[in-house]
Amino acid sequence: MAAFRELGLAPWLVEQARQMGLSRPTPVQASCIPPILQGESRDCLGCAKTGSGKTAAFVLPVLQVLSEDPYGIFCLVLTPTRELAYQIAEQFRVLGKPLGLKDCVVVGGLDMVAQALELSRKPHVVIATPGRLADHLRSSNTFSLKKLKFLVLDEADRLLEQGCADFTADLEVILEAVPARRQTLLFSATLTDTLNELKSLAMNRPFFWEAASEVRTVDELDQRYLLVPEAVKDAYLVHLIQTFQDEHEDWSIIIFTKTCKECQILNMMLRKFSFPSVALHSMMKQRQRFAALAKFKSSIFKILIATDVAARGLDIPTVQVVINHNTPGLPKIYIHRVGRTARAGRNGISITMVTQYDIHLVHAIEEEIKLKLQEYSVEEKLVLDILNHVNITRRECEIELEYMDFDEKKEINKRKQMILEGKDPDLEEKRKAELAKIKKKNNKFREKVQQTLQEKKQLQMKRKLQKKMERRNKLHAKEEK
Ligand SMILES: Nc1ncnc2c1ncn2[C@@H]1O[C@H](COP(=O)(O)OP(=O)(O)OP(=O)(O)O)[C@@H](O)[C@H]1O
């Protein structure tokens, strides 16, 4: 593998990388840095496994080009979560220190006025979540992205996905504000599904690089599943954590849950068992989210319980274990979740809890990652011993949470968010109800059509069969004559 300086990077940048512990480029860096350095006419799509150094693969060449002609705003990085935006900003800051790099993080949940002021001071690099940046573009004209040289989409497939947090409308606003002549860099561990959409964004002789590997997860990751009945999941979880705590001196675990409520309940429950845990989910205030992550990163708290808001990109080298409290519905989400451990060549283990209803999801995951998960065995008796205690504790937490009006708060938060987005919550609700009605009607209609088609098909088959029988009878009659 070539050294960093052979990739065309300046000595000061190579030295800066070395100081950060990056002495030799990883494959994604070695492959993507030279084409990015070729300049304006070359876009780049980099697809490499989790923890393989994709961030430096774009930060280093951007800094190199910036150092040759520094001005603001030179580069815009878009990323799906607020925590990830700060993590990327840190890499820019550390690697770009000799340049006196000015960066600006623009994410939701924080003061918009302060952000607008920072943007107006022309930072070299803006790292943003699409929603908040689009809000700034819609509401102010104190900054311009028209001279931008680089547009980076980190976790690009997530940004283009149309899921519960749909970025497409915001991306449209942003793409209108950036110049057509620019270099677009797209990175993720899971680019292939959305490749066509991504290519329409990166049209300048796109250089596409994908790590040559059949298996889509890293070799250093020991991937297990644990078959558990739904009703006793939490007893297994407590048992797993207790075992790690007893057997390891230095340990750190991320537990992924399906919903914010589940995340909150598990955190309350684990704390009642005196485990050092913190929660991270989208219903928390942004300051609480940052504080929780900081406590986990500094190992004050050894357990992070999170929703998929923490599934992508977060780089916390000390994480040795990922527990999936629910089996992810999409293989892609599984890949990103388990990728929070076994990063940059370290070992790690992931344990996915699988109930009787989730077997098909495991098969889909195995098919996608091209690897069979191995069973994780536990001593059932030890789990049975704590079962009652765990179930009673969980029930207590559920009752406590009801008193805290968690669901109501969720509803209020949703309405607040709509107001912030300039929507009328009541109108939106009406619209949603109407849409649901139409959907139901359409579904009924579709079912009816399908039923009619089925009946028609059956009738045709019946007729065919009848004709066949008639022909055969006639033949028999002829033969008998
Ligand atoms: N050349 C290198 N040598 C050693 N370590 C490196 C190198 N490049 C990056 N790293 C380290 O590897 C870790 C993972 O890097 P990074 O977060 O960029 O991964 P990623 O590919 O973006 O992962 P994900 O898909 O999960 O976002 C970081 O701690 C980073 O400092």
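Here the Cβ of each residue, glycine as well, is placed from N, Cα and C on the backbone.
These features come from TrEMBL:
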- 446-458: compositional bias 'Basic and acidic residues' (COMPBIAS)
- 459-475: compositional bias 'Basic residues' (COMPBIAS)
- 2-30: domain 'DEAD-box RNA helicase Q' (DOMAIN)
- 35-209: domain 'Helicase ATP-binding' (DOMAIN)
- 446-481: region 'Disordered' (REGION)
- 2-30: motif 'Q motif' (MOTIF)
Secondary structure content, the compositional bias 'Basic residues' (459-475) (per DSSP, counts of residues): 17 helix, 0 strand, 0 coil
For the domain 'DEAD-box RNA helicase Q' (2-30), DSSP counts of helix, strand and coil? 17 helix, 0 strand, 12 coil
Confidence over the domain 'DEAD-box RNA helicase Q' (2-30), expressed as mean pLDDT on the 0 to 100 scale, is 93
